[in-house]
Ligand code: ADP
Ligand code: MG
């Protein structure tokens with residue numbers, strides 16, 4: 001995408017400048033929110049729209065006289081001080097009521113957009129006293145296909161299998177679908193590894209909202225967002241692009257990590273984001289890491305992304321993989337023996353997409369040849385996939401599997417914590433490391449937070465003892481061993 005992008009930086013640069021007031025305003029809003037609290041902010045201040053700057057005076061608009069008077073009385077001075085601190089050239093704040101007629105329309109309070117246009121040469125300057133927000137299009141349920149990707153009809157809440165690793169993310173997604181833009185859930189930030197259901201959940205939110213028939217929804221990958229943005233720059237239609245984006249009720253951007261290093265697109269996304277959130281619209285974002293771990297994204301964007309609800313989808317557990325396989329097998333109508341499902345769930349652990357792919361292949365095969373699915377046939381049909389998963393087991397892998405199995409943090413494998421809930425799985429991991437790898441006791445100890453080889457020895461003895469005493473525990477350890485060996 002580098003060819004033919006000459007001028008891209010220059011245009012984006014100009015855009016950034018145009019939006020500079022919006023940046024200041026969003027910072028001021030953050031401070032105001034921190035000072036007065038969320039409720040107060042939402043009640044009074046969120047309705048403010050930024051108007052033009054005239055010499056040392058900035059005009060801010062409010063939709064009604066009542067609000068204007070209230071804000072002037074309660075916050076007038078503070079607004080002046082904050083603006084002055086942000087932009088020293090601004091010494092006065094003028095509060096005005098937006099043009100009658102616009103005031104009764106649902107208010108976009110589109111601080112960023114208004115501020116951008118106030119200093120934009122793309123649009124004719126607005127008369128100072130008539131800052132009517134763009135008239136709202138009538139709301140109806142729609143996917144904004146003009147600017148978004150279609151939703152995959154297979155990805156709904158009904159087809160999403162819920163288990164421990166994803167129940168929180170699922171609940172958040174449901175909540176947003178039921179009541180978009182609720183405080184505390186905006187933005188909704190979903191993150192997790194590849195193929196764990198982020199896209200599925202986003203589509204499910206979209207499908208649900210559309211089914212309810214309440215809102216307009218735009219879903220697109222961050223990559224597509226970037227290409228759309230670049231295309232808009234090329235065709236000199238950035239204002240249109242922005243307006244389109246800012247007219248949706250729910251904007252979902254998938255795989256945000258794609259924007260790392262794409263500073264100009266990040267900038268644009270940041271403004272869109274602010275404009276939408278400030279206008280009370282819902283944003284849903286997915287990424288492969290948490291906001292704080294997305295190094296390479298601008299700080300202010302990361303901060304804002306983390307302001308709503310952050311929900312992670314953990315790696316799948318054996319149980320969840322079985323449930324997913326069961327659901328998909330039963331939907332296919334082909335009988336797949338439990339033994340085969342277990343085998344697959346043991347073998348293919350990295351992501352659901354692969355698991356699904358393997359099952360689909362089995363099912364296709366069964367349908368094609370009209371033969372029952374057996375363990376033997378499975379090994380045969382999937383032999384290339386299975387081979388790819390046959391690797392020598394490493395200590396890291398053992399730690400990961402064991403941590404996953406008992407739902408503890410991977411870091412606890414090397415932490416100093418001694419609580420039994422952590423110490424026991426750690427001992428099992430040491431035991432398995434001894435059993436399944438050729439590493440020496442001191443080597444193993446080092447991998448577990450630099451522990452002494454005697455600690456490892458003790459763990460091996462202790463786990464062996466416990467396995468003799470407690471059949472359920474023995475079964476757990478055996479299961480782990482089989483998973484790791486297979
Ligand atoms: P991601 O976006 O996180 O990379 P996807 O949402 O594309 O992952 O999921 C990959 C595939 O796995 C999709 O076909 C999806 O339907 C399926 N999948 C993932 N998690 C689940 C789940 N919990 N229940 C059912 N299907 C799932
Ligand atoms: Mg995805």
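Each Cβ is built from the backbone N, Cα and C atoms, and glycine gets one as well.
TrEMBL: automatically predicted annotations, no manual curation.
The ATP binding site feature in TrEMBL is assigned to 195, 197, 198, 199. Long-range neighbours of residue 195 (ATP binding site) (same chain, six or more residues apart, CB within less than 8 Å of its CB): 350, 351, 352, 353, 354.
Taken from TrEMBL, the feature compositional bias 'Low complexity' covers 104-118.
Residues annotated as compositional bias 'Pro residues' in TrEMBL: 124-135.
What TrEMBL lists as domain 'AAA+ ATPase' is 184-387.
The domain 'Chromosomal replication initiator DnaA C-terminal' feature in TrEMBL is assigned to 394-463. Secondary structure of the domain 'Chromosomal replication initiator DnaA C-terminal' (394-463), assigned with DSSP and counted as helix (H, G, I), strand (E, B) and coil, comes to 50 helix, 0 strand, 20 coil.
Among the features that TrEMBL reports, region 'Domain I, interacts with DnaA modulators' is placed at 1-129.
Residues or ranges marked as region 'Disordered' by TrEMBL: 104-143.
Residues or ranges marked as region 'Domain III, AAA+ region' in TrEMBL: 150-366. Summarising model confidence by region, the region 'Domain III, AAA+ region' (150-366) averages a pLDDT of 92.
Summarising the annotation, TrEMBL assigns region 'Domain IV, binds dsDNA' to 367-486.
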For residue 198 (ATP binding site), name the DSSP secondary structure in the helix/strand/coil scheme.
helix
What binding-site residues in 195, 197, 198, 199 place CB under 6 Å from ligand 2?
198, 199
Give the sequence-ordered list of residues that share a chain with residue 197 (ATP binding site), lie 6 or more positions from it, and have CB atoms under 8 Å from its CB.
160, 166, 169, 313, 352
Specify all same-chain residues, apart from the site residues 195, 197, 198, 199, whose Cβ lies within 8 angstroms of the center of the Cβ atoms of the ATP site, ordered by sequence.
192, 194, 196, 200, 201, 286, 313, 352, 353
What residue among the binding-site residues 198, 199 has the most other CB atoms lying within 10 A of its CB?
198
